[in-house]
Amino acid sequence: MTTILKHLPVGQRIGIAFSGGLDTSAALLWMRQKGAVPYAYTANLGQPDEEDYDAIPRRAMEYGAENARLIDCRKQLVAEGIAAIQCGAFHNTTGGLTYFNTTPLGRAVTGTMLVAAMKEDGVNIWGDGSTYKGNDIERFYRYGLLTNAELQIYKPWLDTDFIDELGGRHEMSEFMIACGFDYKMSVEKAYSTDSNMLGATHEAKDLEYLNSSVKIVNPIMGVKFWDESVKIPAEEVTVRFEQGHPVALNGKTFSDDVEMLLEANRIGGRHGLGMSDQIENRIIEAKSRGIYEAPGMALLHIAYERLLTGIHNEDTIEQYHAHGRQLGRLLYQGRWFDSQALMLRDSLQRWVASQITGEVTLELRRGNDYSILNTVSENLTYKPERLTMEKGDSVFSPDDRIGQLTMRNLDITDTREKLFGYAKTGLLSSSATSGVPQVENLENKGQ
C-alpha cells in the first residue's frame, strides 16, 4: 500500500489537522470542492494566542467538513512536558540557555491523539500543514503511523494540483472570498509563530537572518525584558517537587498539572524567563534558527536541576546530562515513543526523578536573570559540616588526606611519563626539566 498520496483521493475520507488559519481553511474548502470528504480535527494544546477554541470546529463545518472535532490534548501535553523535565530531555543549548523542545513535545501529542480520533471515525488518510523542508512532516509521519498502521498521508502542500491553484497566501485568500467567505489575511508579521501551552516558537522570514534579533519579536508568553521602559520588579517564587513531580508554587498545591503549568507560565512570563535564541540542526541536517519562549518550563527546570545537584552524586548527574541530551535529540527527531527513548525515559524517571523531593526559592528579575535563595530537601546529600572550614569534628583527618594524596602518585607518575613520551615524538614541546607543555616553548618552536 502506498503510504504517501501525491494527489487528492477523490471520494475518500481525509482527516485534516485544522487550525482555523488561512492555510488549513483553504485546503479544507478546496478538498471538498474537488470531491474528497474532509473531516476536521483541532487539537486544544492551550495555545496562548488562541482565544476561542470552540469556534474553530464551527468554521470547519462552514468550509465543508463532514464532521469537526475538538480534541483536548492539554493534560497529555503537560504530562509529556513534565517527563521531559524529569529526564532533562533537551539537547539544544546556547550559552547556557536551553530550548525546551516544546514544539517536538506538541507534535508527539498532536500526532498520536488526532490520528487516534480519526481512527475512531474510520478515517485512515491524514493531512496537515507541515512543509517538506521542515521537521514536522517527519514527526507527524512517524507518530501517525505508530498510532494507525493503516494510515495514508495526503498533504495538499505536496500536491502539485493544489500548489498550482492555491500556491500562496494571496491566492488562498482570493479563493476563500470567491467562494463567499469574507476571509481576510491576517497582518503579515516579520516572522511566523507556533505555540502550545509549554512554549512558543518564532522563526522564518526576517528571523532567518542572524542580524535580526530577539528585539523584533513580540512575546506571547512573556514580556520584552530587553526594553528598559518595561517595568519588571523582582519577585520571589518557591517551587516544590515530590518524587520528581512539581506539586506546588509559592506554597499553593496543585492537583491539576494543567493549572500548575499555567501558573508557572504566568510567574515566569512576568519576567521573560525562558526566552532563548538558538541555531539548531533540523532532522535533514540543515541548520535553522528559532527564538523560543517557555517561561513555565524554564522555572520548573531551574528548580528541578537545583535539587538534582544537591541530591545525586557526580556520576549520576553525568549520566542524567548525557542520557538527557540523547533523549532530547530523539524527541526532536519524532522518536519520543521509540523503544530507545522509552528505555532512557524509564531509567531517568525511575532512578533520578524519584528522589527529587524538596523546595527551591528563587528571585526572578529580568529575562533569564535570577538568583537561587534557598534549597530545602530531606534527600540532600549536600552536608556543609562535612567540608566546613571551621574547627571541629570532621569525618576525616589530615592524615587521611595525606594517604589519599599519596595514592595519587601512581597516576601522576604515569601521566608524567606520557608527557615526556609525547615530547620525544614531537607531539608536544616541553621544557628540558619537565614534560609539561609550556607556552614559551611552543612559541619558540613555532608550533
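Count begins at 1; order follows the chain as displayed.
Glycine residues also receive a Cβ, built from the backbone N, Cα and C atoms like all the rest.
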Return the residue out of SER192, SER212 that Swiss-Prot annotates for the same L-citrulline site as TYR99, ASN135, ARG139, THR201, GLU203, GLU280. SER192
Record says ALA17, PHE18, SER19, GLY20, GLY21, LEU22, ASP23, THR24, SER25, GLY129, THR131, ASP136, ASP194 bind ATP. Source is Swiss-Prot. Which of ALA43, ALA108, ALA178 does it list for that same site? ALA43
Could you find out if DSSP has GLY129 (ATP binding site) as helix, strand or coil? coil
Other C-beta atoms that fall within 10 angstroms of the C-beta of ARG139 (L-citrulline binding site): 25
GLU280 (L-citrulline binding site), Cβ-centred 10 Å count of other Cβ atoms over all protein chains shown, is 17
Once the DSSP letters are reduced so that anything not helix or strand counts as coil, what is SER25 (ATP binding site)? helix
Among the binding-site residues listed here (TYR99, THR131, ARG139, GLU203, GLU280), which has the Cα closest to the Cα of GLY21 (ATP binding site)? THR131
